[in-house]
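Listed in TrEMBL for this protein:
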- 25-59: domain 'TNFR-Cys' (DOMAIN)
- 25-59: repeat 'TNFR-Cys' (REPEAT)
- C38-C51: disulfide bond (DISULFID)
- C41-C59: disulfide bond (DISULFID)
- 104-143: domain 'TNFR-Cys' (DOMAIN)
- 104-143: repeat 'TNFR-Cys' (REPEAT)
- C125-C143: disulfide bond (DISULFID)
- 195-216: transmembrane segment (TRANSMEM)
- 225-319: region 'Disordered' (REGION)
Amino acid sequence: MLPGCLLCLLGGCLLRHWASGSDLNCTPELYQHDGRCCNRCEPGLKLLSDCTASQNSECVPCEERHFQSGWTKEKHCTPHKSCDHNAGLETRSRGDAKHNAECQCQQGMYCSSPDCQTCLNITACRPGEGVARKADNLSDTTCEPCKHGSFSNISSTSEPCRPWTSCETLGLVLKVPGTNRLDVACEPGRSRSPVLISVMAIIAASLVGLILFCLYQKGLQKHPEKQVCHPGPKQGVPPPSPQAQAAPGCLLPGQVAPGPGVTSAARWGGRGRDGPEGRTEQVESRMPWGGSQPGPCPHGGKRGVAPSPAPRGHRPVVG
């Protein structure tokens, strides 16, 4: 009987204790301990002792190079991350009691995993390829082949493909086409074709000839031909000497006007020539009264005045 009563008493105590613990509802800043809600330690602190019926939880700051980022009931802080230089890492942020230290890869390297425990060298794009996306702390370089019209002749971790040079823009002509690794080669423009040169020469010669013809026509209009004063030679009369080719009725310097009956031979200092009728042919002197209008005397001559006509049947004596 006694043992049964003891078992009932013990079971009631356990049931009562379970019921009292299940009624606790602690907030996120609290934690349950020995049937009561104890305060958690705020960020940057760690738990030193749990709460009791007479006091709250006791917290202390994290030691150096350790941190606690949230509310906690832990009695230990988390060590800062170590940035190992031999692994290609360097410190980006030193961290504090509330924040962990941050590491990054050294220049020219990237993280091999999301937690960045080690680093790898960044890949350089080869000639014929360009950088499509540069590497960052967590990813490698992305390369792409150079398309037609572009090239890359270097290994680079940052340079994209470059377009070919435009020879036309520089006033040059294409010499060697480009590739995905080499730029085009330009050279000065070559001389024009022989056919084009010949056509241009013909056009230029035609223009020069046209200009000379126009100048010649203009000169004729400004300087018309002079009027010829002497008559043409008659049949049977010897041509006069150049000194005698003056206008009719004109006298050269030092010449005397002959009379109407003087023969051509006497006029020019020679003998007359008999005509078909046995008479000496006389040359008509075109005097003002002869019916023809005299013109101006050339070569500085002066117009002579014929003497009075000799009596009929009288021949003048030629001296």
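Cβ from N, Cα, C; glycine included.
These numbers come from a predicted model, not from an experiment.
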Restricting to the same chain and to sequence separations of six or more, state which residues have a Cβ under 8 Å from that of C41 (disulfide bond).
L47, S57, C59, Q68, W71, T72, K73, E74
What's the CA-CA gap between C38 (disulfide bond) and C143 (disulfide bond) in angstrom, rounded?
57
DSSP residue counts for the repeat 'TNFR-Cys' (25-59), split into helix, strand and coil:
0 helix, 16 strand, 19 coil
To the nearest whole angstrom, state the Cα distance for the pair C51 (disulfide bond) and C143 (disulfide bond).
60
Which three-state DSSP class does C143 (disulfide bond) fall into?
strand
Tell me the Cβ neighbour count for C125 (disulfide bond), meaning other Cβ atoms within 10 Å of its Cβ, over all protein chains shown.
24
Would you mind listing, in sequence order, the residues at least six apart from C143 (disulfide bond) in the same chain with a Cβ closer than 8 Å to its Cβ?
T123, C125, R126, E129, G130, V131, A132
